[in-house]
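Let me begin by presenting the structure, written as structure tokens, before commenting on it.
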């Protein structure tokens, strides 16, 4: 524990533990909380030697406290010791419960360990609970330590050897403030933990203020100390050292300026300014400050009060009731504050209190004018310097009984009189019957009520006030037994109870002495089973059935007997219950999202009519039932709706009567709501032969959760009596004519196409189709007109795909697989020719079907190129089509590559196109060069279109060879043609004569190199029109439809790239058909091409 700061004379000036109330805050007025008595045992002052231990104890009774009270320990006026706990100071608290005397006590302890001289002083303990407050001051005296004192007395060396503790090195005291001032802020918490400081926040606030005061003062060379202490009646000097002696000073006490008086004396000694305070009293305990110009120095003065000692002790008193008691005590100081206590509790001395307190000088009295027996106890006077106790005994005066009470036996309704006499006669008393207060009167003789009742029977007692003696007598009243059924308030004495509830029949009875009660049901005595109990009390009898059952219904008889007579009565008990569960419901009909259900009423209605039923349902895989009706269903049928199709459900029933809801019935068998599909759509004739009719249709618009198992096809012969062509719809819906329809497929078909076989040639039939699922057949879809069973010739028609209308190109080695659809009935004959010659089946595979023909080449070769003629024939009807297949390969190398001329750093090359173009146009050339020294080839130009070129930027002095690859749509030729001669780039100094060239005129009017071709398009699919034009300068391209220019139409997009002109028509319709024209115009002329576009529906 840090040492207190000391003056020059060696006396402790201020306690240096903790961060209490700063001197600047003392000027604030603190309102005293309301006083109340909380402490039942207060800490007492004590004396110890230096290095000794002492404990101060405070106790608070928890009788009226809902929670633990708050306690604070202080040294002096403002130093809170809660943050100073550590090696020398410990605070403890505990809670004790004494169950025998029903008392709970909070105990608070303050332990001072190894006390030092500067620990001496005045301490204070404050207890607070809500608006209650109590405090107590006590003193600690620390006696000086003399050398050799520890050696006094006999030493037990054996005990020292046994219990020797390791010697601890004394830790030198450190100044925590200096450490905190010199430390970094991030080290504050570590320092506080190291030195046992718990109130770190308070330390930081005080340190912050201390650091602010470190600013060097310009007016004061030395300011006032933080605090001073002086004994009451003593003298104190407050000294400041001035930096400038000429500055005027003003002294203040609690903010009020101090004027020179005999009590306050101002002294000047050089640069020192001194305030002398004589005869210090408690009102001098305040905050003082001195002001010099704009600067201020403050301090705190603590006045130590000397303990008040007992001079004359209290004397014990023995007296009787109604006498006067005076307790007198004398103390060492006039006007001292003392406390009177009785049995350790402070004596109330208010205006309405029986206790009066008087004091004259050093004498103090406690006066009780009219003594009572309750005033007996131990009285004590407590002063700051000691306590005096005395025993006060108050006894009663002796009581003499002249006539005692006598026992009385009386009939019901007769007068009752009790009489007794005692001495002294002026003693008041109280009458009791069976321990209950009846009446209070100053008379000894009391006349009771004229006509006695059963309630008057019992033990009567008269107790004189203030005495332990009492007078007793017994009164006994006899009355015949009687049952009072009118208290039930039940019609016809019938009690109705719900089964399962507890029945308690309390029937008042009368009779004195108490009659014997027997409950009977029929000839059997009730109360013989565990759940049925019969109990009898003084004024009523009770039949209790813990859990009523249906078997408890019946008449119950009550029999009363005593010595005065007998009485009987009957009570009818009716037990009502919830009804039994209904039978499991049946679900006879199921729809798409509904069903119909029926059930039987419960076998037993619970003794109350059935009011209705609740219906619940749940999904089979779920455990959650859902209520379907919130209003009771009066019938035994119900139709649930809004179910999910295809999900299994279960339903159950609850029966309801006035008592409640029955248990649920057994769930119904699981059922699945399913709906038939809608009728098939778009039923049309697909094919007709002499003996078969093929029908096709589309699936129903609505299928449902039951899915679609298949289709059932039926037909009816026209003229068979069931229907005609004009009555097909009515025939399809007539139930009575179903037997005229012939089932075409014995097993359901999953396809939407079916061929009816075994028909008679030239017969007329009607066909209908039904969709079948788990819910049954749908409504039929019937043909609107009768179908003639006779094969119809359909002329053949080849439908060439759009990509085959132009030249079909494939590389050598690729697969050729072309499908060409066609129409025609009966099955057409298909024939293929290549360039007018039959196709070799070993080279090309042809596969034909009813509706298409496939030409397949597994590995294409150049010999497979050519014109393929396809002929489709049905009897005398023929249709033809031509397919142009071109198989392309890599081209051969160019021919005759030669060096035309060499000049400067340039070489002019010339060559002829390759002999073999790979069956595809040559798209360009790749020219490479190689130095003769290394013969490493480098590409100079790629995708070059002309057959002559000038290679520039060659290295002077080098000799070059050149080679050229030809290129088509497949790629570069496998080999290249190399120049026979080399080109030598001569060095400077040699003259080269440049040849003269005549400029070539490249201008020409527009000319279409590829015209537009007639095109067939399918409605809804984008189509393009392409052509190519050559002209110089670049021509303006205009597109026209039916001679009308196309401008800003979002349905058309026009492109022109490298002379290729394209018109894209987005999703054409039949209205977009017509004659399209592409027109090219420049300064030298114009040209145009036309084509016809035909748009067919899907």
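Using the three backbone atoms N, Cα and C, a Cβ is placed for every residue, glycine included.
TrEMBL labels come from automatic prediction, so no person has curated them.
According to TrEMBL, the protein carries these features:
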- 1-10: compositional bias 'Basic and acidic residues' (COMPBIAS)
- 1-32: region 'Disordered' (REGION)
- 307-393: domain 'Ig-like' (DOMAIN)
- 481-574: domain 'Ig-like' (DOMAIN)
- 581-680: domain 'Fibronectin type-III' (DOMAIN)
- 681-792: domain 'Fibronectin type-III' (DOMAIN)
- 796-884: domain 'Ig-like' (DOMAIN)
- 893-989: domain 'Fibronectin type-III' (DOMAIN)
- 1006-1094: domain 'Ig-like' (DOMAIN)
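The stretch from 307-393, 581-680, 681-792, 796-884, 1006-1094 that makes the most Cβ contacts under 8 Å with the domain 'Fibronectin type-III' (893-989) is 796-884.
Sorting each residue of the domain 'Ig-like' (796-884) by its DSSP state yields 6 helix, 52 strand, 31 coil. The helix, strand and coil residue counts that DSSP assigns across the domain 'Fibronectin type-III' (681-792) are 15 helix, 45 strand, 52 coil. For the domain 'Ig-like' (1006-1094), residue counts in helix, strand and coil come to 3 helix, 58 strand, 28 coil, using DSSP. Look at the domain 'Ig-like' (307-393): DSSP puts its residues at 3 helix, 47 strand, 37 coil. Taking the domain 'Ig-like' (796-884) as a whole, pLDDT averages 91 in the prediction.
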